[in-house]
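These come from TrEMBL:
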REGION    15-40  region 'Disordered'
COMPBIAS  24-39  compositional bias 'Low complexity'
TRANSMEM  55-74  transmembrane segment
TRANSMEM  94-115  transmembrane segment
TRANSMEM  127-151  transmembrane segment
TRANSMEM  233-253  transmembrane segment
TRANSMEM  274-295  transmembrane segment
TRANSMEM  307-333  transmembrane segment
TRANSMEM  340-362  transmembrane segment
TRANSMEM  382-407  transmembrane segment
TRANSMEM  419-436  transmembrane segment
TRANSMEM  442-464  transmembrane segment
Amino acid sequence: MNTDLLTGKQVEKYKFDDGSGEGSSPSFLTSSSSSSSMSSRRRKEGCVRFLKKNLLLLLTIFGVVLGFALGFSVREAHPSETVIMWLGFGGELYLRMLKMMIVPLIFCSVVAGTASMDPKSNGQISLVSFIFILASNVLSAAVGLSLALILKPGVAGGTPQSNSKMENALQTQDILADLIRNIFPDNLVEASFRKTQTRYYKEDISVSQNVTNGTAVAETVINLTKEIGKTDAANILGMIFAASLLGIAAGSLKEKGKPYLDFFIACSDTVVVVVRWLMWVTPIGVTSLIAVSVASVADVRNVFSQLGMFIACVTIGIAIHQIVMMPLTLFIFTRRNPFSFLLSIARPWMIAFASTSTAVAIPEMNYVCEEKQKIDKRVVRFVIPFSVTLSCNGGAVYIASSCIFIANLTGSSTSIGDILMIGLLTTIAAMAVPSVPSASVMAVVMILTSMSIPVGDIALLLAVEWYLDRIRSTSSVVSHTFNAAVTYHLCKKRLEEQEEAYMRRNETEMTLLSKNVEEKTEILEVINVV
């Protein structure tokens, strides 16, 4: 101990350990070093937890970047069709594996979800989700029309002309009729791989006509024959309707329907496990799909320079839909942070971008909504497939912009009434577009034909279909997941009331059962005494 000359107090003189064992380190130095080591350990543990939690997402992002790099590199070598085929082979197998699980996942999930809810809850969820789908399609069509009218794609000079033509005899009434027919499938097994589709068959008929000088002139008359046939695509809407009926019926049977319900719950959980295994192949599949898409385009720079304004119009519309319109809708109805929600759906977003199919991303959308956003699985497993069938917000932006683009390109004038009609038809087409290749392009042909606008240059849209089809698929992923969140928030009170009623009913049954057991026990005791 030494005396402080200023205060006169006894203070301890610290001795530092020089390795000889004499003295000890100051306590503040010991605590400082231990705290720094603890903080560094926490940082390492935090990094490890982050990598474990987001490893698949990081690998998928790397796959996207690698796919673009590989595609542009291979394209410079002018690959043959065989090279292109093998380049996309991994992506093809990835899509086939995911599509294999879509039908059992949707059917089992819808049966299990609807059976666990009362009819009022089922009706409320169906109504709320349908209103969301209809409203979002209308707003998306309005965004596409507004941007096309402001940017005026196709008006400026230098836009390429196309001599190729696309013919399409489908009419609005045909699409609506097919939509209603597919709601009620005539064969549930067939609905898993085929759906109803109106087709037109063209037949050239030679007709001979006599002219004034007595010579016969042959003329060719085109005869169109309409036939209600089938196309190779899963009838998801019909499966949802049938599964909902079976689920409601099983729920109404109470204890008798429990084995049936348990079977589909077990099937749904089993399929989800298999899908989670397949998700680890996503980085490879994404790399292959993007690489083959980029490598297949002959001249990317020329296409973008010639159709730049139209591409910009659709891209800006898609961005407004995903960054402004949908987040604002989610915040208004749920008061959630929409941008954290957007970050959570990054994986299904990239799957849709790579595959150009929102149906393939259904398992991942279900996982994000249930596990990360804590949305009731009964809502998720009905709303997501339902939205995939009827909602196509990105397609609505694309179809509306394409109609104005072709009208400007052909010099056709469009009045306010024509624009409103295009918006109405776009909303309908986005909900009922047929499941055929280049379906949105076919919808554009249908709308332009009904508006008496020439469709000679419609094939220009196919030049950029490889890019625009991908970004509009991502918009659908955003819309589907946001629909599940909004529907759950608006129906949450009803679902909680149903759960409370269910718990009260179970408590009452258990009380009655215990009373019966006690009475029987007392009777047995009396009998034993006697």
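Placement of Cβ uses the backbone N, Cα and C atoms for every residue, glycine included.
Within the same chain, the transmembrane segment (233-253) stays apart from the transmembrane segment (307-333): fewer than three Cβ pairs sit under 8 Å, each pair at least 6 residues apart. By the Cβ criterion (distance under 8 Å, sequence gap of 6 or more), the transmembrane segment (94-115) is counted as touching the transmembrane segment (382-407), at least 3 such pairs being found.
Contact between the transmembrane segment (307-333) and the transmembrane segment (274-295) is not supported: fewer than 3 Cβ pairs lie under 8 Å, counting only residues 6 or more apart in sequence.
Among residues of the same chain six or more beyond the transmembrane segment (55-74), those with a C-beta under 8 A of the stretch's C-beta atoms are 83, 87, 279-280, 282-295, 346-347, 350-351, 353-354. Under 8 Å from some Cβ of the transmembrane segment (127-151) lie the Cβ atoms of residues 309, 312-314, 316-317, 320-321, 325-326, 329, 382-383, 386-387, 390-394, 396-401, 403-405, 419, 422-423, 426-427, 430-431, 475, 479, 483-484, 486-487, 490-491, all in the same chain and six or more residues away from its ends. Counting residues 6+ beyond its ends, the transmembrane segment (274-295) has Cβ neighbours under 8 Å at 56, 59-60, 62-64, 66-68, 70-72, 74-75, 79, 84, 87-95, 97-98, 101, 105, 347, 350-351, 353-355, 363-364, 367, 466, 470 in the same chain.
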